[in-house]
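Participant: Please read through the structure below; I'll follow up with questions.
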Amino acid sequence: MHINQLLQHANSDLPLLQANFGLERESLRINKTNHRLAQTPHPTALGSRQFHPYIQTDYSESQMELITPVAHSSKEVLRFLGAITDVAERSIDQNQYLWPLSMPPQITEDEIEIAQLEDDFEFSYRQYLDKKYGKILQSISGIHYNMELGADLMNELFELSGYQSFIDFKNDLYLKVAQNFLNYRWFLTYLYGASPLAEKGFLNEELSQTVRSIRNSHLGYVNTDDIKVPFDSLENYISSIEHYVKSGALSAEKEFYSAVRLRGSKHNRDYLTKGITYLEFRCFDLNPFNNRGITQETIDSVHLFILAMLWLDTPKKLNQALDKAQKLNDKIALSHPLEKLPKENSASLIIEAMEALIKHFKLPSYYDDLLIAIKKQVENPKLTLSGRLFEHIKHASLEHFGQKKGQDYHNYAWQNYYALKGYENMELSTQMLLFDTIQKGIHFEILDENDQFLKLWHNDHIEYVKNGNMTSKDNYVIPLAMANKVVTKKILRENGYPVPAGAEFDNKDEALRYYSQIKNKPIVVKPKTTNFGLGISIFETAASHNDYEKALDIAFIEDYSVLVEEFIPGTEYRFFILDGKCEAVLLRVAANVVGDGHSTVRQLVAQKNRDPLRGREHRSPLEIIDLGDIELLMLQQEGYTLEDILPKGKKVNLRGNSNISTGGDSIDVTETMDPSYKQLAANMATAMGAWVCGVDLIIPDTNLKASKGKPNCTCIELNFNPSMYMHTYCYQGPGQVITGKILAKLFPEISTKI
């Protein structure tokens, strides 16, 4: 069977949409003060360009290149790009932003510094480009769209094709897509062209009118006119480029700047034996109306377009057809943004192919909607990207528009700065670790998003991380021991560390009989194996029998076994221990409200919960304050109800425990805490055998120094998988970076290269 009619003969259940995607986005760093090209080096926060897989520099030191990992869906690739963009925006200097347009602002060659790369070849290659094309032309930016047809899709098409060699089949299939893409590329230039003008001084001769896409015209970043590479066969394609390299017309194979590039091997000739792996489509201008430079709708519309290239037959006289198509593309690129497609266009053929695909393979209605939008743009150029951008041109310039959009997107990156855009549904500690992973250039894969399970790697070194800090560094049994508060107390007591006295109960009746022994004492009632402060009731004065019974009911909901311990007076502090060292100390203030003289307790809680730092399920630095049984019991002990109005300045606690996870406030006291307590907490974690540990100490007076013989404190709990976000993004205080230190411990070879 011929490749040309392959899809037409495929069954409707073919996994047509199965594909792998990758995006590359170029953007210039701009100085906020003068809106000129930033003159600072590539940010040191972004690790080493020797190996960074996600954030590189393109031609110049100020031109960032954001590169997604391979994604198995179009949604995932855009999410990757959004996260990498988020990291880039928050890693550049605070007085900089990323330019949102393909064409640069006003710029001079003196402002452009070639990227200071350690790779001698790459640096020399950029020097060569400077001499041949000039620095200014290199400042044009865009989006590269990479796509590989899915393995199941390729296998089914191969079986249908009748080919004997899978490599030959792949090569012919991808070459056909490349051929048709070049033949119909002008359609994408019409829809997505977004470089309508050049700022003063960019072009040698000013344009007579605003256009659709300078970047996609002969005025953009293209090879010299003498470079003509045929696409009629893979052998001719390879031989032609090799000839130009050998003759010196091209310095390397990668200097061939086609709108589509065959990818998968370092050298083109390897495609004959190893096969083309995927295609790189290089003709997309940045969409300045989106902070990522491209939208989901564009990605999916282009995907449909590429599949249509597989549906359509290739032209019979290919080389002549591609020459004609190139001229048409240049004409459309240099036409006015509000001008309709020229009469010689064959847009109807492309649209019909898309319609046929949707119908034949029964694609979701979403693709019908995409096609409807495309048809509207064909009829009305105002709806195209350049048509929309045309409205923002002022005094033959887009600089003001670019400045505003660029700064808006930079500010957006700093909104909810504790989160990683696109991954907000994951636990905050995991988001923070992912941010640092991307920033430092460590490869990552989310193995299970709901379970917060990550795979991280650099070269051959692989680490698995769960919930932000559960790693292979901790023995399996250690978290189990810390989850069991009885076991924890026994181990600490055996090692000479102070813990509260108390008793354990497996049933409520037995615990109620214990009341006679504690009825006149302050106590704490808590589940045996809970975390995050769940099910804990604290009585700083003696509890009534009724309140004690309520506390037992609350605790038994969380676990089958309950502890009743003595209440230790003093202030509770959380010490974060990593590999035998205290990295942070937090004073946690129990969930509370402060009266204003006219609001009820219920209203005060609602007001405090409106703080943007508060959220749920560990997705925000602070947690929403609930009004459940525990809070109502605490409120009752203080003599108030939810409908009472608190006097101005009156503080009322709603929880006895001070966990941030139950609505508490976080105050960083790392720098002011006496080092003796930090060391004592670290020693406790070491005694437990924990690599990562949260140590909760009650300290009556921090002015007194601590020692093992005279600790002046009591350990009420050790926590496996301690939260990290509360140490970094605090209610008060400077905050301490934790996730970066976790990565440095896991990948010491990375930190030595940064």
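Every residue, even glycine, has its Cβ placed from backbone N, Cα and C.
Just lifted these from Swiss-Prot, have a look:
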BINDING   516-574  ATP binding site
BINDING   Asp696, Glu717  Mn(2+) 1 binding site
BINDING   Asp696, Glu717  Mg(2+) 1 binding site
BINDING   Glu717, Asn719  Mn(2+) 2 binding site
BINDING   Glu717, Asn719  Mg(2+) 2 binding site
DOMAIN    489-752  domain 'ATP-grasp'
REGION    1-333  region 'Glutamate--cysteine ligase'
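Can you tell me where each of these features sits in this structure?
Facilitator: Secondary structure at Tyr548 (ATP binding site), as computed by DSSP, is helix. Annotation for Tyr548 (ATP binding site): same-chain Cβ neighbours under 8 Å, separated by at least 6 residues, are Leu512, Tyr515, Lys519, Ile523, Val525, Phe539.
Around Asp696 (Mn(2+) 1 binding site), the C-beta neighbours below 8 angstroms that are at least 6 residues distant in the chain are Glu572, Tyr573, Arg574, Phe575, Cys715, Ile716, Glu717, Leu718, Asn719.
According to DSSP, Glu717 (Mn(2+) 1 binding site) sits within a strand segment.
Every protein chain shown contributes to the tally, and the Cβ of Asn719 (Mn(2+) 2 binding site) ends up with 21 other Cβ atoms within 10 Å.
A simple way to gauge crowding: the CB of Glu717 (Mn(2+) 1 binding site) has 23 other CB atoms within 10 angstroms, across all the protein chains here.
Along the region 'Glutamate--cysteine ligase' (1-333), the predicted structure has mean pLDDT 96.
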Participant: Work out the three-state DSSP category of Phe556 (ATP binding site).
Facilitator: helix
Participant: Helix, strand or coil: which one is Ser516 (ATP binding site) in, per DSSP?
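Facilitator: Assignment for Ser516 (ATP binding site) reads helix.
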Participant: Give the sequence-ordered list of residues that share a chain with Val564 (ATP binding site), lie 6 or more positions from it, and have CB atoms under 8 Å from its CB.
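Facilitator: Once residues fewer than 6 apart are set aside, Val564 (ATP binding site) is near Gly502, Ala503, Phe505, Ala511, Tyr514, Ile518, Ile523, Val524, Val525.
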Participant: Starting from the Cβ of Glu572 (ATP binding site), draw a 10 Å sphere and report how many other Cβ atoms land inside it.
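Facilitator: If we count other Cβ atoms within 10 Å of Glu572 (ATP binding site), we arrive at 22.
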Participant: What residues, ordered by sequence, lie under 8 A Cβ-to-Cβ from Glu540 (ATP binding site) and sit at least six positions away in the same chain?
Facilitator: Pro522, Phe567, Pro569, Gly656
Participant: Please classify the secondary structure at Val524 (ATP binding site) using three-state DSSP.
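Facilitator: Going by the DSSP assignment, Val524 (ATP binding site) falls within a strand, counted as strand.
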Participant: When a 10 Å sphere is centred on the Cβ of Phe556 (ATP binding site), how many other Cβ atoms does it contain?
Facilitator: 19
Participant: Around the Cβ of Val524 (ATP binding site), how many other Cβ atoms lie within 10 Å? Please give the count over every shown protein chain.
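Facilitator: Val524 (ATP binding site) is surrounded by 22 other Cβ atoms within 10 Å.
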